[in-house]
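Enquirer: There's a structure below that I have some questions on.
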Amino acid sequence: MSSAAMLTAEDSLEPTLQNLLDQKTLRWVFVGGKGGVGKTTTSCSLAIQLAKVRKSVLLISTDPAHNLSDAFGQKFGKEARLIDGFTNLSAMEIDPNGSIQDLLAASGGQGDDSMGGLGIGGMMQDLAFSIPGVDEAMSFAEVLKQVKSLSYEVIIFDTAPTGHTLRFLQFPTVLEKALAKLAQLSTQFGPMLNSILGGRGGLPGGQNLDEILSKMESLRETIAEVNAQFKDADLTTFVCVCIAEFLSLYETERMIQELTSYHIDTHCIVVNQLLFPGKDSSCEQCKARRKMQKKYLNEIEELYEDFNVVRMPMLVEEVRGKEKLEKFSDMLVHPYVPPQE
């Protein structure tokens, strides 16, 4: 079968991401996959396309490698910043390994020093750390609070490689459990603490226990709300990025099964780095690799017949900078037509 025939074969769904642009209710888009498959390039390109049809778009990197700055040739940090050349597309890079001390400080507690008299900061920290994954989840919660206040119409997450991605998606549940546990303990011990504190009603350092607990409850409610949104296919989807090789396909299948177990919608796969050597090509390596890629492309078609599978070519140069990203992004909505083999 020629590549052109493969491209135009009758599929149940079109081989583009146009459906994501048409889905006006979409609020959260996660882009993930194994390392080195073009995940950041894909997320940047999708963000560019979404910016054409949405009022305001935010692209967030949760990958510690932080490739957004390299992709756009512009420095990004933990505050949202407009991308050069765009009026409605912003980006930010966050560290998913945030610290619990930072969150306690943001919630009105300054750690053991300011709460030292009663050791309350240490108690909360120890309690929080007793729940696996809560340190990263705290950082995630802070991001959600910030993003929610910024009121972007759609948010795209350029996630860390596969394992980290799936853990990231569990954070809402993890943090909801942690905060519920702390709220329960505050109900049990709150009266005792207030009795110890006497009429001041405050903690050492001028903090107020009720204010801290109120902020924690507010954070828990935010997490619960976003957790529900993540499980709503009208609001959230996950775009899987892979290459046509065994390990990448294996990781993609594992990821899709886990996403399904979390009740998170996924119906788009982007297959990057495909070779399309011409029929007169003298590159034997290219032909051999194309033969292997065809085998895995066929498997992808069989496994994911109800997915939008986008086939992206291997390019001769890096996709960096606004102009090259825009050209690449165009192929996400207008299928690449390879030369006849």
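Cβ coordinates are placed from backbone N, Cα and C, and glycine is handled just like the others.
Small disclaimer: the values here were computed from a predicted structure and weren't measured.
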Enquirer: According to Swiss-Prot, LYS34, GLY35, GLY36, VAL37, GLY38, LYS39, THR40, THR41, ASN272 bind ATP; which one of GLU14, GLU245, GLU258 is listed for that same site?
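Expert: Candidate listed by Swiss-Prot for the same site: GLU245.
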Enquirer: For a quick check of packing: other C-beta atoms within 10 Å of the C-beta of CYS286 (Zn(2+) binding site), how many?
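Expert: Here the count is 15.
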Enquirer: On a simple 10 Å Cβ count over all chains shown, which one of the recorded positions ASP63, GLU245 is most densely packed?
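Expert: Buried the deepest by this measure is ASP63.
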Enquirer: Can you tell me whether DSSP puts CYS286 (Zn(2+) binding site) in helix, strand or coil?
Expert: helix
Enquirer: Roughly how many Å lie between the Cα atoms of GLY38 (ATP binding site) and ASP63 (active site), rounded to a whole value?
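Expert: Between the alpha carbons of GLY38 (ATP binding site) and ASP63 (active site) there are 13 Å.
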Enquirer: Tell me, how many other CB atoms lie within 10 A of the CB of GLY38 (ATP binding site), whichever protein chain they belong to?
Expert: 21
Enquirer: So how many other Cβ atoms are close to THR40 (ATP binding site), meaning within 10 Å of its Cβ?
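Expert: Its Cβ shell of radius 10 Å holds 22 other Cβ atoms.
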